[in-house]
Amino acid sequence: MTTAPFVSPSLPRLHSARASPFPKPSVGSGGGVAFPARTYGSSLRLRSAVMSASGVGGNGSPMAPEESTVSSRLGEVKRVTKETNVHVKINLDGTGVANSSTGIPFLDHMLDQLASHGLFDVYVKATGDTHIDDHHSNEDIALAIGTALLQALGDRKGINRFGHFTAPLDEAAVEVILDLSGRPHLSCGLSIPTERVGTYDTQLVEHFFQSLVNTSGMTLHIRQLAGNNSHHIIEATFKAFARALRQATEYDLRRQGTIPSSKGVLSRS
């Protein structure tokens, strides 16, 4: 008896990626939901897991990841004055790579937290008049990071906009709430018990965030819930800020690429 050859059924075709910033997903073989690739200028190849509604494949195990193409949101700033020379690069869609050399060891450690917990790629190279004190370098680095963040965010289409995270570190706990609104405001409720951590003047923590807020145009609230160790309090602050910023900069697929504002615009002007 002759057996007819098996012909694999054709898979449904994906909708065109040009239809909208967030095209309607299609259902692939095995029930997986697949989002078509979308390219914005230069692109970065990332691995994204394609899951069924239950989060597993038909055999009860996670489905194999598929590749999608998304853009990298990048910002780069060079700030040169008679006091400092600062170069900052940030990738909001990074993997948590930190490369910081500021001349202020404790600040380098805090920028590592920003990269690691925000999953941002952060490059900061700075020289300055640290023979006087760390004030000018601390300020100008924060100003440059804020400006790079502003560049990377662009028109802010499709982002969550708001972020909220509380980070503990041993006895310390710090809550951060932020809004990428375009309106700069800082409320900082830290009570750091010592004047220095290593050689770093702890007054500069609030000044760092004020400078970053001024150029990025974010609303930022920092509240210390607990803590009596200065290092722990400051590090918990940077960790909470990183996670809140990560939440705010991530995309909300339900927004379909629209600006998250009833006014239809989020900007400094």
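Positions of Cβ are set from backbone N, Cα and C atoms, glycine also.
In the three-state DSSP scheme, Ile234 (substrate binding site) falls into the helix class. Positions annotated as substrate binding site by Swiss-Prot: Glu83, 109-117, 135-139, Arg161, Arg183, 231-239, 261-263.
Less than 8 angstroms from the CB of His136 (Mn(2+) 1 binding site) sit Thr81, Glu83, Thr84, Gly128, Asp129, each of them six or more residues away in the same chain. Taken from Swiss-Prot, the feature Mn(2+) 1 binding site covers His109, His136, His231, Glu235, and the record attributes it to similarity to another entry.
The annotation Mn(2+) 2 binding site is assigned in Swiss-Prot to His135, Glu139, His207, His232 on the grounds of similarity to another entry. Contacts of His232 (Mn(2+) 2 binding site) defined by a Cβ separation under 8 A and a same-chain sequence distance of 6+ are given as Leu169, Asp170, Glu171, Ala172, in order along the sequence.
The region 'Disordered' annotation in Swiss-Prot covers 1-31 (among others).
Residues or ranges marked as region 'Disordered' in Swiss-Prot: 54-73 (among others).
Residues annotated as transit peptide in Swiss-Prot, with sequence analysis given as evidence: 1-52.
Of all the binding-site residues given, namely Arg183, His207, the one with the smallest number of surrounding CB atoms inside 10 A is Arg183.
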